[in-house]
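One structure below.
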Amino acid sequence: MAASIHPDLPNLFEFDSPIAPSALTGPGVGVHVAEDVFGKVGDEAVRRFTLTNSKMTVQVVALGAIITSIRVPDKLGKDEDVVLGYDDPQGGPQGYLSKDNPYFGAIVGRVANRIANASFTLDGKEYKLNANAGNNTTLHGGIKGWDKAIWNASKHVDGVTFSLVSPDGDEGFPGAVLAQVTYRLTVDSRLMVSMQAVATLPTPINMVNHAYFNLAGHNAGAEGVYQTRLALSADRYTELDRSLVPTGAFVHVEGTPLDLRTPRLLRDVLAKVDLDLNYIVTRGLERPRDMVYVAGAFHEPSGRALEVYSDQPGVQVYTSNGLPAADKPAMPGKQGAKYSKHGAFCLETQNFPDAIHNDRRPSHELLFYPTQERRFPNSVLRPGSLYTHNMVLKFSARMT
């Protein structure tokens with residue numbers, strides 16, 4: 001058994017998990033993994049891995065464990081890159097370390113989404129975090145979250161595992177954390193994403209992949225999104241206050257523009273409301289951690305389809321409302337693309353936002369559930385326990 005890369009952290013491979021070596025040493029039939037360099041950060045080369053099968057290609061890099069490209073064919077066999085991003089890792093106006101980068105394709109953490117008041121109390125001790133968003137909130141891990149770190153990488157027959165040690169006190173969070181994310185491609189065009197973490201002290205964890213999708217092509221703009229039908233397996237969402245932090249209440253979507261339980265054209269939805277909400281994934285109470293269907297997107301003109309499956313309780317649906325408005329200068333992207341508002345959508349499977357402040361507060365909307373079900377899911381990882389988050393992105397092309 002290999003030693004841990006941190007003296008106080010166990011080896012993640014000691015746990016029975018989807019990224020243990022036994023799950024990564026199969027024949028890899030129909031999948032090829034190649035490695036090259038995606039520029040440099042300072043003097044350090046950024047390793048890039050290209051995963052291919054007979055139909056699609058995925059590229060991921062060690063900076064932020066970012067998905068930089070997913071090329072999939074349409075119904076006529078023409079492939080396009082369907083995730084937004086940059087050509088460069090550097091911090092210029094067109095790089096992943098740019099101050100304006102909205103987390104394109106990255107693994108964000110230690111805690112994705114918002115933490116109210118940039119602080120929390122855990123086991124009687126208060127922790128002050130670095131605030132990096134409005135109203136004194138911490139967003140996506142803080143000023144220098146995991147999306148800005150260069151991760152270690154290990155190539156496998158069908159994918160790659162990235163590893164990162166986040167030190168005790170990182171952005172104000174307690175305990176050292178060893179985090180891993182594994183990307184695996186299957187022959188039937190499923191991108192399997194497995195995230196794990198262990199910690200030396202109790203600490204909140206919520207790892208998320210922040211890919212921005214446009215099934216018409218990353219440079220197709222808002223029109224490509226408007227032509228997309230989106231469906232969610234969710235009948236409620238977590239209510240937000242004016243700071244975009246959950247109030248603790250769950251709200252039903254019935255009779256509102258936020259009801260996506262049947263496929264709806266995003267042109268019609270976004271004409272009424274921008275989406276930036278954590279939807280509560282529908283699952284039976286007997287299946288709290290099973291992989292279930294979360295969302296489906298279908299771009300009618302191209303026939304490209306995306307299905308999302310996960311074992312997480314929530315999914316943040318975001319329609320790139322923070323990208324520049326159509327009457328403003330666009331954000332420069334890869335291959336000369338110009339990105340603007342509604343130019344992509346995100347389906348971020350996750351724990352509920354600000355769960356550290358809500359995991360003991362019952363929701364008045366769920367009085368018919370047992371007491372233990374009337375609260376946000378626990379977000380605290382304790383020593384000796386394993387954090388896991390599994391997600392599958394399944395791509396296909398349909399004629400109708």
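The backbone N, Cα and C atoms fix where each Cβ goes, glycine too.
Predicted automatically and left uncurated, TrEMBL annotations should be read as such.
As recorded in TrEMBL:
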ACT_SITE  H210  active site, proton donor
ACT_SITE  E348  active site, proton acceptor
BINDING   N113, R114, H210, A211, Y212  beta-D-galactose binding site
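Around Y212 (beta-D-galactose binding site), a 10 Å sphere centred on its CB holds 25 further CB atoms from the protein chains shown. The Cβ neighbour count for N113 (beta-D-galactose binding site), using a 10 Å radius over every protein chain in view, is 25. R114 (beta-D-galactose binding site): 21 other CB atoms within 10 A of its CB, across all protein chains. When every Cα pair among N113, R114, H210, A211, Y212 is compared, the largest distance found for this beta-D-galactose site is 19 Å.
Cα-Cα distances to E348 (active site, proton acceptor) place H210, A211 within 10 Å, out of the recorded positions R114, H210, A211. Note on the residue listed as 'active site, proton acceptor': other Cβ atoms within 10 Å of its Cβ, all shown chains, come to 22.
Looking only at the recorded positions H210, A211, the densest Cβ neighbourhood within 10 Å occurs at A211.
On a Cα basis, H210 (active site, proton donor) lies 10 Å away from N113 (beta-D-galactose binding site).
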